[in-house]
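As recorded in TrEMBL:
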| type | residues | note |
| --- | --- | --- |
| DOMAIN | 42-306 | domain 'Protein kinase' |
| BINDING | LYS75 | ATP binding site |
| REGION | 328-377 | region 'Disordered' |
| COMPBIAS | 353-370 | compositional bias 'Polar residues' |
Amino acid sequence: MAEAAFSGLGKNTAAKGISERDVPHIRLIINLDIFSSPKDIYMFGKKLGHGSYGVVYEATHIRTQTQWAIKTVCKPGSTKIKMLEQEIKILKQVDHPHILRLEEIYETAQMTYLITELCVGGELKQVLQQKQFFPEEEARHIIGCLADAITYLHKKNIMHRDLKLENILVKNSLDDYNDDLLFSNQVADFGLSVKTLGVGSDNILSDICGTPVYMAPEMMSQRGYTHWCDMWSVGVIMYILLCGEPPFISKSKENRLKEIRTIGVQFSSPIWDTVSNAAKTVVTCLLKENPAYRMSANQLRDNPWITGDTSTPAMPLNALEMMHNFHEQEKSKTGVKPRPQSSVKSRKSQRKTNVNSVKKAASHQNGQRSPPSPLEV
C-alpha cells in the first residue's frame, strides 16, 4: 500500500453472538500433521502486493489446480496481530459478491495464512494509474458495486474505516474485458474494521485510523464519528475515479481540515466539463463536512445516477436534511426570514428541531417512511 494507514481499533465494540460462516481454520503442527506448511498444499506464485499488515501472493492449490490469493502474516513480534484477528472476525461474518471472500485459514507457530479468492486485476489504484481516470459509465459501475457492499456492511453495523483505491480489488484481468463489459470489484482489507452494537452515543468512536487523504473530517478533528466516515471515503474515491486526483490535497491534517471547511469540494479541472451534473451532485452529497448531511450507503445505491432511473426523485439526504427543510418551511409560514444554511445559528436551530415533527411532516408530504437518523444505517 502506497500510503501508511493509522491503526486504532479503539474500544471493544464487537457484538456478542454474531453468526459466522464456517471457515476452516487449520492449525499445522510439525511432525504431527501430514502437512507442516501451506506450501505443502499450495504452490506459491508471484507477489501481488502488501496489505496493511501482510504480504499477498498468488497461489495454486496443488491437488485441484485452482487459483487463490494467500495473505501471509508473521506472528512473532508483530504489532499488527490485533488487526489480523479483527480481519478474520469480520470476514467470517460477511458473505457478499463485492466483498473479498475468506475461504480458509492456516496457522503455524510462526505464521498465519489467509486463503481468499484471487482478484487477478489487482488493486483499483493500479488500474487507475494505467487509465489516469475512469469514464463516467465505468465510475458509475464501480461506485454502484461499492455502495452495494457498504450498504451490506452498515446494515450489519460494520464500519470499514479504511476505504481507499488500494483496498478495492479488481476480480478479473483487464484483458478479459471489452468496452461492453464492466469489470467486477471487491472490498478488501478489514484490519481496521470494527463492529458496533448499533446506533446510539455509546457507539460513537473517536480513535483516528485509516489513510489521511480518505479520512473524514470528523475523524481528523476527533469529535466523534460513526458509519458516515465510510461515506466520506466513498466520496473521495468517486472524485479520484472521475478526475484522477483527490479533492483535498493539503499535506497536513490541519491544512486539509481548513481546506474542507473554507473551500469545500471543487470541480475546477477541465475534465469535470465532461462529467454530468448528476455525478457532481452525488460527489458533493458524499463530501459534506457535516456527516448529518452526508449521503448514506443505501441512498447512494438507490440514487438515480447509479440506477439510471431518472424518474425517481432524489431522497432527502438524511433526517437532519429533512429537519432543515421543515424548519425553513415553518419560518416561511411565520414570515421569519430564513438564515443562510451555513450560519452557526441556523445549524444550531436545525439540531434543536423536533424530530417527531419532522417525521410527521415528511410522512404527510411524501407518504413514505422518514429516512434514518445520522446514527442509523
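If you go along the chain as it appears here, the first residue is 1 and each next one adds 1.
Glycine residues also receive a Cβ, built from the backbone N, Cα and C atoms like all the rest.
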Number of other Cβ atoms within 10 Å of the Cβ of the residue listed as 'ATP binding site' across all protein chains: 14
Reduced DSSP assignment, LYS75 (ATP binding site): coil
